[in-house]
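A.B. asks: Mind looking over this structure? Questions follow.
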Amino acid sequence: MAIAPFLLAIYFASLTIYRSVAVTILTSPDELKSSQYDFVVIGGGTAGLVVATRLTEDPKVRVLVVEAGGRNEGVLNSIVPYFAVQLLGTSSDWNFTTVPQTGLLNRTLPIARGHILGGSSSINRLDYTRGSNDLYDRWANLTGDPSWSWASLEKYYLRSSRLVPPTDGRDTTGDVDPSTHGFGPIQVSLVSLPAELDARVVNTSRLLGGRFDYTQDWNSGNSIGIGHTQCSIGQGVRSSSAVAYLDPLIDSSSRPNLSILINTVVTKLLPSEASHGVPEFKTVELGQVNSNSRFRVSATKEVVLSAGAIGTPHILMLSGIGPKEVMTPLGITTLVDLPSVGQNLTDHPLIQTHFLVNSTKTFDDVLRNETLAQQTFAQWNTTRQGLFAGPSGGTIGFLRLPSDSPLLSRFGDPASGPHSPHIELIFANAFGAVGVSVPATGNFMSISTGVVSPLSRGFITLISSDPFGKPLLNPNFLDNDFDVFAMVQALKDMQSFISTDPWRGIVIGPTGQLVDATTDEQLQLYARNASVSLNHSIGTARMSPFSAEWGVVNPDLLVKGTRGLSVVDASVFPSIPECHTQAPTYIVAERAVDFIKRGMACVLVELGLSEG
Ligand SMILES: Cc1cc2nc3c(=O)[nH]c(=O)nc-3n(C[C@H](O)[C@H](O)[C@H](O)COP(=O)(O)OP(=O)(O)OC[C@H]3O[C@@H](n4cnc5c(N)ncnc54)[C@H](O)[C@@H]3O)c2cc1C
Ligand SMILES: *[C@@H]1O[C@H](CO)[C@@H](O)[C@H](O)[C@H]1NC(C)=O
Ligand SMILES: *[C@@H]1O[C@H](CO)[C@@H](O)[C@H](O)[C@H]1NC(C)=O
Ligand SMILES: *[C@@H]1O[C@H](CO)[C@@H](O)[C@H](O)[C@H]1NC(C)=O
Ligand SMILES: *[C@@H]1O[C@H](CO)[C@@H](O)[C@H](O)[C@H]1NC(C)=O
Ligand SMILES: *[C@@H]1O[C@H](CO)[C@@H](O)[C@H](O)[C@H]1NC(C)=O
Ligand SMILES: *[C@@H]1O[C@H](CO)[C@@H](O)[C@H](O)[C@H]1NC(C)=O
Ligand SMILES: *[C@@H]1O[C@H](CO)[C@@H](O)[C@H](O)[C@H]1NC(C)=O
Ligand SMILES: *[C@@H]1O[C@H](CO)[C@@H](O)[C@H](O)[C@H]1NC(C)=O
Ligand SMILES: *[C@@H]1O[C@H](CO)[C@@H](O)[C@H](O)[C@H]1NC(C)=O
Ligand SMILES: *[C@@H]1O[C@H](CO)[C@@H](O)[C@H](O)[C@H]1NC(C)=O
Ligand SMILES: *[C@@H]1O[C@H](CO)[C@@H](O)[C@H](O)[C@H]1NC(C)=O
C-alpha cells in the first residue's frame, strides 16, 4: 500500500508539536522497582487500559501493565483521524498474515492489530457501534449467566463512552439520539465534514424505507437501518483507550500505583503453585525483542490477560494452557489441556467497490494534490476541523437479509435476534483513504459491503515455541456458503440502493471486477476474489457456561482449570457482534472490572477469616 510521500513529510514535520511530558512510563524491565504488584495486566490495549486505570482508582491497588508496543503520544497518524490507514504495516501494527484461504481462491490476507499503547483502538477505523440488545441477550444465553444480558450490561456501556459534538458545530438534531449515550471517557461524535454523499444516502434510505429505512442511532439497541456514522473521535482527534482512559492520568500525579512498561513482550505465564491440583498462574515472564534476558513479575491477586484475540491464545499456548496435541510436538509441557484455546476464530469479511461518479464534490483531490493536502492539514492543525478530522464517509447501513431470503430457511438465522443485521454497507466519498493509490483523474465514491453475521469459523494455532514468533492464523473466510451468499446479497443491495432516483446522473458505474459480474456465479467469484478482513477477530478464548465441556473462560472471565488468571479482551466474546467490535470490547472491559473487584472483596473476606 503506497503512502503518499507528501503526507509522510507532513507527519515527520509535525512530530515536534507533541512535546513529550515527564511520565512514569517504563521502557525496559530493568527499570522495574518491584517484582510484585496486586495485578499484572498483559497488553495495554483497548481492554487492558480500561482494566488498569479502573482498578487503580483505588489508590491502594498496585497495577503493572506490560505492553509490547510503544507510546501513542506524538504518533500523528494515530491522532489525526483521516490518517489512520497509514498506521497499517508500521511499527504500530503487528503485521499478521493468514494462511492461504480456501474460500478466497487461496489468497492470503494481511490482518492488522495494534502494537502501541491503546492497542487496536489506537489504529482502528474509528466506527463506534455497540450492537443490538439482542447480541448481549444471546451472550447471556450462551454463557448461562444473566449478568451478560443487555439489561445488566447497559450501565457498563454508559460508563465507557459519551457523545460530543462534531467540530464543525452544526446542528445534529435528528442525526443522532443523545438520550442513548453515556458519560464515560471515550468520546463519540458524528463526522466533522458531512459530504453531499451522506445527504444522498440518507435521502435514499428515507425514500426506500423497509429494509433500507433511516435509523437515527445505531447505539439505541436496534442496530438495523441506514444512518450517520458515529466515530471514536472527540474535538477532531482519535479517542482511543490510551487517549481517553490513560493519558489524563499520565499528566496528573493522581496514580502513583499504576506502572506501564512498554516495548516489552510477555513471553509466558508461569505456574506458581497448585491447590487441589488446580494450577495458579500469577507469575509473568517478560523479555524484549533481540534480547535473551528474561524477567519475572508476580501478581499477588490476579494476572489479567488482555493481549487481544490473537495475542491472548498465543500466550496461553506458549504457557502450556491449550490443546495438548498442539503444544506437545513443540516441546511445551501441557499444564492445562484446554482444547478450545485458539479455536472458533471469527471475523467479518468485507469488499470495497469503487464507483466513478459525476460529481466534483468528492474528496479525491486531497489524495493527489499536495498543496490541497497541506491546506487540509493546516486546517486540522489549527481548528481540528475539515476532512482530516474524520473518516472519508459519514454514513453506514446495517441490513437484515430480505425476510423471504432462502438463506434464512437453509441456514437458520445466524443473527442474534430481530434487531441484529446480517450485512453492512459503508459509504465513502472518495476512491479510498490516505495511503491508497487513487487514479490520477476522476471522482469516486466507494461502498464497502460486509457480512456481519458470518458462519465461518477458523483458528489460531502455534507453529513455534518462540515467543517472538507469530502464531498461524486461519480465519477460514467464506468457508461457509452462507457467508458467500450473504455477501452476494450485500452486493445486490448496494447496486439496487444506488440505482434509485437520487443517484440518477451521479453514478457512472463501478470500476474493477464488479463491472463484469452480473450473474450470481460471477458475483460469488467476485466475493471470493475481493474480500478482505474488516480486522474484527474475536472469540479465540470464548466464554462458556461453568459446566461446559468446551470454552476457555467461565462467565466470570477466569480461565477454566486455573487460579489467579483471567482474560479480558475481544477473545472472550461468545459470538461475533453484528457491528464493529471496539464498543463491545469496552463494555466487556468495564464489566470485567466489577468481576475483579468482587473477586478482591472475596479474597479479603477469606483473609479476614483465616487471620481471625
Ligand atoms: C485496522 C483496524 C481497524 C478496525 N476498525 C474498527 C472500527 O472502525 N470500529 C470498531 O469498533 N472496531 C474496529 N476494529 C476492531 C477493534 O479495534 C478491536 O476489536 C478492539 O480494539 C480489540 O481490543 P482488544 O482489547 O481485544 O485488543 P487490542 O486492542 O488489540 O489490545 C491487545 C494489546 O496487547 C498487546 N500485546 C499482544 N501480545 C502481547 C504480548 N505478548 N506482550 C505484551 N503485549 C502484548 C498488543 O500490543 C495490544 O496493545 C479495527 C481493528 C483494526 C486492527
Ligand atoms: C500508592 O499510592 C499512595 C498514594 O495514594 C501512596 O501513599 C503509596 O505509597 C502508594 N503505594 C505504593 C506501593 O506505591
Ligand atoms: C511491521 O512491518 C513494518 C514494515 O516491515 C516494520 O517496520 C514494523 O516494525 C513491523 N511491526 C512490528 C511490530 O514488528
Ligand atoms: C487452492 O489450493 C488447493 C491446495 O493446494 C488446491 O487444491 C486448489 O485447487 C486451489 N484452488 C484454487 C482456486 O487455486
Ligand atoms: C438459550 O436459548 C435456547 C433457545 O431459545 C433455549 O432452549 C435455552 O434454554 C436457553 N438457555 C439459557 C441458559 O437460557
Ligand atoms: C436530500 O433531500 C433534501 C430534502 O428533500 C434536499 O433538500 C437535498 O437537496 C437532498 N440532497 C441530496 C444530495 O440529494
Ligand atoms: C466453538 O463454539 C461453539 C459455540 O458457538 C461450541 O459449541 C464449540 O464447542 C466451540 N468449539 C471449540 C473447539 O471450542
Ligand atoms: C491543488 O490545490 C490547490 C489548492 O486548492 C489549487 O490551487 C490547485 O489548482 C490544485 N492543483 C491542481 C493541479 O489541481
Ligand atoms: C501545527 O501547528 C503548530 C502550532 O500549533 C505548529 O507549530 C506546527 O508547525 C504546525 N504543523 C504543521 C505541519 O503545519
Ligand atoms: C453529469 O451531470 C450533469 C449535470 O450536473 C449532466 O448534464 C451530465 O449529463 C452528467 N453526465 C453523465 C455522464 O451522467
Ligand atoms: C481477481 O482479481 C484480480 C485483480 O485484483 C484479477 O487480476 C484476477 O483476474 C481476478 N481473478 C478472478 C478469478 O476473477
Ligand atoms: C485490515 O488490515 C489489513 C492489514 O493491514 C488491511 O490490508 C485491510 O485493508 C484492513 N481492512 C480494512 C477493512 O480496513
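Each Cβ is built from the backbone N, Cα and C atoms, and glycine gets one as well.
Copied straight from TrEMBL:
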type	residues	note
ACT_SITE	H536	active site, proton donor
ACT_SITE	H580	active site, proton acceptor
BINDING	V266	FAD binding site
DOMAIN	308-322	domain 'Glucose-methanol-choline oxidoreductase N-terminal'
A.B. asks: In Å, rounded, how far does the Cα of the residue listed as 'active site, proton acceptor' sit from the Cα of V266 (FAD binding site)?
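C.D. replies: That comes out at 28 Å between the alpha carbons.
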A.B. asks: When DSSP states are folded down to helix, strand and coil, where does H580 (active site, proton acceptor) land?
C.D. replies: coil
A.B. asks: What does DSSP give as the helix, strand and coil breakdown of the domain 'Glucose-methanol-choline oxidoreductase N-terminal' (308-322)?
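C.D. replies: Secondary-structure composition of the domain 'Glucose-methanol-choline oxidoreductase N-terminal' (308-322): 11 helix, 2 strand, 2 coil.
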A.B. asks: Expressed to the nearest Å, what is the distance separating the residue listed as 'active site, proton donor' and V266 (FAD binding site) at their Cα atoms?
C.D. replies: 23
A.B. asks: Measure from the Cβ of H580 (active site, proton acceptor) and count the other Cβ atoms within 10 Å, all protein chains considered.
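C.D. replies: So the number of other Cβ atoms within 10 Å of H580 (active site, proton acceptor) is 28.
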A.B. asks: Under 8 Å Cβ-Cβ from the residue listed as 'FAD binding site', six or more apart in the same chain: what's there?
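C.D. replies: Result: I42, G43, V66, A68, V284, E285, L286, A307, I315, P467.
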A.B. asks: Enter the number of other CB atoms within 10 angstroms of the CB of the residue listed as 'active site, proton donor'.
C.D. replies: 26
A.B. asks: Where does the residue listed as 'FAD binding site' sit in the DSSP three-state scheme?
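C.D. replies: Looking at the DSSP assignment, the residue listed as 'FAD binding site' belongs to a strand.
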A.B. asks: According to DSSP, collapsed to three classes, what secondary structure does H536 (active site, proton donor) have?
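C.D. replies: The residue in question, H536 (active site, proton donor), is coil (DSSP, three-state).
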